[in-house]
Amino acid sequence: MNCSVSELKELLGQYEHILLTAHVNPDGDAVGALAATGEMLRAWGKQALIVLDDDVDDKFEFLPGIRTVYKPDDVKTDASWLTLILDATGVDRIGKTAELIHGPLVNIDHHISNAHFADAEYIRPDYAATGEVLTDLFTQWGCAITPSMANALYLAIATDCGFFKFSNTTGHTLRMAALLVEAGAQPNVISEHLEAQSLVKLQALSEVLKHIDLYGDGKVAGITFTPDILQYTGEHTGGYIDYARTVKGVDVAFTVKYISAEETRVSLRSKATDVNAIAAVFGGGGHIRAAGCTIKAPLAEAKTMLIKEILKAL
Ligand code: 5GP
Ligand code: MN
């Protein structure tokens, strides 16, 4: 059921215990949305627990709101707990945290591929980030946005629209960001934290760049994360796809990453082609210009299947 802004506030107000979660492999939008919502709900006097079936990348640790994150096995819930899923399209995207859902389920999201699965939902595919949806909601609800909430929400918005460079950046996105800066968000501090990396990680980039391959007359660029390359980069490979995307003439960029002998993780970005539709072929989703999926096939085979679908879609 799609809720109005006021219905959503009323519903959250009725529950004392709130389990907050977001998608596995949490990105800046997921992490920032969780940190800000956790703080907002605690200010309302709620017990709000953030649970993630994944580790949070160290680069987000400067957000105070994300320092206490539980794993699903550490938490017990019952039917008195409301579960609020942020920035995720379905229960299949939150891993083992799904086992903790016993009471009402609420979803706040901005993905076009949202599965409309919750008892109550507020979905805005016209917004660039869940952080943008929340900034709008908190403002309409009359909640005070503290400097730490503002930082978390600004980070959420900025990371999902490529720091206001992607096509999902609208006047509304910029207005919400401006409002957050006025509430105490520090764009320079956020950029410094997100850009800072160890020398080892920076040097891994040179190794990754050597492995960008072109397909489809140079309209497609892909990076293959074999177990060998993953030794250089570590598990958090999220940022590398943007380098493939910037190659002149490239429309679709992809990464394929070894997970196991039978499983391959895929990320897709584009300038024009609908990559949500490509990800959907393999049971994934996301947005028109940024999507992902997991293919149940070995790395080389998954890559061949993916390239075939990309070339069809161009
Ligand atoms: P990323 O490539 O950064 O993992 O994901 C890009 C976008 O697609 C994100 O908004 C993410 O939430 C979404 N996405 C990634 N993988 C999946 C998936 O397997 N299923 C769905 N529904 N969405 C995904
Ligand atoms: Mn998002």
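Here the Cβ of each residue, glycine as well, is placed from N, Cα and C on the backbone.
The feature domain 'DDH' is assigned by TrEMBL to 18-157.
According to TrEMBL, the feature domain 'DHHA1' maps to 233-310.
Helix, strand and coil counts under DSSP for the domain 'DHHA1' (233-310) come to 28 helix, 25 strand, 25 coil. Summed and averaged per residue, pLDDT over the domain 'DHHA1' (233-310) gives 96.
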